[in-house]
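I have placed the structure first, in the form of structure tokens, so that the comments after it can refer back to it.
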Amino acid sequence: MTKQFAVIGNPIEQSRSPELHHAFAEKLGIELNYSKRLAPLDGFEANVKTFFDQGGLGINVTVPFKEQAFAMCHQLTERAKIAKAVNTLWIENGQLHGDNTDGQGLVDAIQALNWPLQGTRILILGAGGATRGVIYPLVQAGVTEIVIANRTQQRAEQLVQDLAGSVSEATLRVMTLDQLHGNFDLVINATSASLSGDALVLPETLQFKYAYEMAYGKPSSFLDQAKARGVPTTEGFGMLVGQAIEAFSIWHGVKPNLTDFL
């Protein structure tokens, strides 16, 4: 019987997970079926239970259910505990296990570009769930200082307070989006500001060597401004592939090569 996997979200049509997992499986000679499942906003838990009860082996979770998935799990990886969100589910010894592969996906994508992380100083724009999910893996990869910039400084300060004990190897600081300044190795945009048409201005007081846009496939004023400075830039497709590869390796015990799929 073909192994069954799925991605659950709402909306779900835009998900590229099935195409990625089928590509990984084909490359590695693994037979599987990976489907998209649209869950009603009040029906996520029932959807997960039904899928596993019917013999499904693994689920990826996308917007808006990652926090619900986190709350459902009996066992969590360290990075999922810190992220307080789960994007990868599986059953082991009768218990629901959860992981968050987003941050490792980002790290792997950056390393595939041969951009440095060890000993670097990084600025992340935004203090939402996307930022929370990537800080621990970035610190594990050797980043020594992370500054989180947000429109409301209080939210950034709360995030730093939440994470301080988990990432003691790195310095975490905050600033506001309208007071961006300093020298950084890398700037990561984890806000939707540059996509929604809101002005996200990168002032001359802010200097950086690389720019990463977490979103992909859409116009980005963040990337436009970085390109105008002549710094290397990329968008988030590599992170998408990286997090999918990490989930695939959890389920199948073998890790596809990221650069084969970029």
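For all residues, glycine too, the Cβ spot is worked out from N, Cα and C.
Residues or ranges marked as active site, proton acceptor in Swiss-Prot: Lys66. Look at Swiss-Prot and you will find Ser15, Arg16, Ser17, Thr62, Asn87, Asp102, Tyr216 tagged as shikimate binding site, backed by sequence analysis. Look at Swiss-Prot and you will find Glu78, Gly126, Ala127, Gly128, Gly129, Ala130, Asn150, Arg151, Thr152, Gln153, Gln154, Arg155, Met214, Gly236 tagged as NADP(+) binding site, backed by sequence analysis.
Across the residues annotated as binding NADP(+) (Glu78, Gly126, Ala127, Gly128, Gly129, Ala130, Asn150, Arg151, Thr152, Gln153, Gln154, Arg155, Met214, Gly236), the widest Cα-Cα separation comes to 29 Å. The Cβ of Met214 (NADP(+) binding site) has 24 neighbouring Cβ atoms from other residues within 10 Å, across all protein chains displayed. Asn87 (shikimate binding site) and Gln154 (NADP(+) binding site) have their C-alpha atoms 27 Å apart, to the nearest angstrom.
The recorded positions examined here are Arg16, Lys66; by Cβ neighbour count within 10 Å, the least packed of them is Arg16. Between the CA atoms of Ser17 (shikimate binding site) and Glu78 (NADP(+) binding site) there is a gap of 24 Å, rounded to the nearest whole number.
DSSP assigns Thr152 (NADP(+) binding site) to coil in the three-state reduction, outside any helix or strand. Taking a C-beta cut-off of under 8 angstroms and a sequence separation of 6 or more, Thr152 (NADP(+) binding site) has the following same-chain neighbours: Thr176. Checked against Asp102 (shikimate binding site) by C-alpha proximity, the recorded positions Lys66, Glu78, Gln154 yield Lys66 as the nearest. In the three-state DSSP reading, Tyr216 (shikimate binding site) counts as coil. Taking each Cβ in turn and tallying the other Cβ atoms within 10 Å, the top scorer among the binding-site residues Ser15, Asn87, Asn150 is Asn87. The two recorded residues, Asn150 (NADP(+) binding site) and Tyr216 (shikimate binding site), show a Cα separation of 21 Å. Put simply, the two farthest-apart Cα atoms among Ser15, Arg16, Ser17, Thr62, Asn87, Asp102, Tyr216, the recorded binders of shikimate, are 19 Å from each other. Within the set of binding-site residues Glu78, Ala127, Gly129, Gln154, the entry lying nearest in space to Thr62 (shikimate binding site) is Gly129 (CA atoms).
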